[in-house]
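Trainee: Quick one: structure below, then a few questions.
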């Protein structure tokens, strides 16, 4: 198991927090960031403490066929 400071999905969790703060906690404005977290958790859910509470079955994107940019970013300007 990863140590807390080596959690592979922690950067994605931090990006979600920053995006939500930036957009006044309007979750729909952070869908790409949430989806990046979900994708990380699909791979690392057994090792990442940050993945508790993430629904691995639900895509956060309106159009789930669209491939998202895997880079960690604060948010996209829509």
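Including glycine, each Cβ sits where the backbone N, Cα and C put it.
Heads up, TrEMBL stuff is auto-annotated, nobody curated it.
Taken from TrEMBL, the feature disulfide bond covers 9-40, 19-30, 41-51.
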Trainee: Give me the Cα-Cα distance between residue 19 (disulfide bond) and residue 9 (disulfide bond), rounded to a whole Å.
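Mentor: Cα-Cα, rounded: 16 Å.
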Trainee: Around residue 40 (disulfide bond), which residues of its chain at least 6 apart sit with Cβ under 8 Å of its Cβ?
Mentor: 8, 9, 12, 48, 51
Trainee: Compile a sequence-ordered list of residues in the same chain as residue 41 (disulfide bond), six or more apart from it, whose Cβ lies below 8 A from its Cβ; state 'none' when nothing qualifies.
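Mentor: When sequence neighbours closer than 6 are ignored, residue 41 (disulfide bond) has 9, 48, 50, 51, 54, 56 within Cβ distance under 8 Å.
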Trainee: What kind of secondary structure is residue 9 (disulfide bond) part of, going by DSSP in three states?
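Mentor: In three-state terms, residue 9 (disulfide bond) counts as coil.
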Trainee: Three states by DSSP: which one describes residue 40 (disulfide bond)?
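Mentor: Where residue 40 (disulfide bond) sits, the three-state DSSP reduction gives helix.
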Trainee: For residue 51 (disulfide bond), name the DSSP secondary structure in the helix/strand/coil scheme.
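Mentor: Note: residue 51 (disulfide bond) is helical by DSSP.
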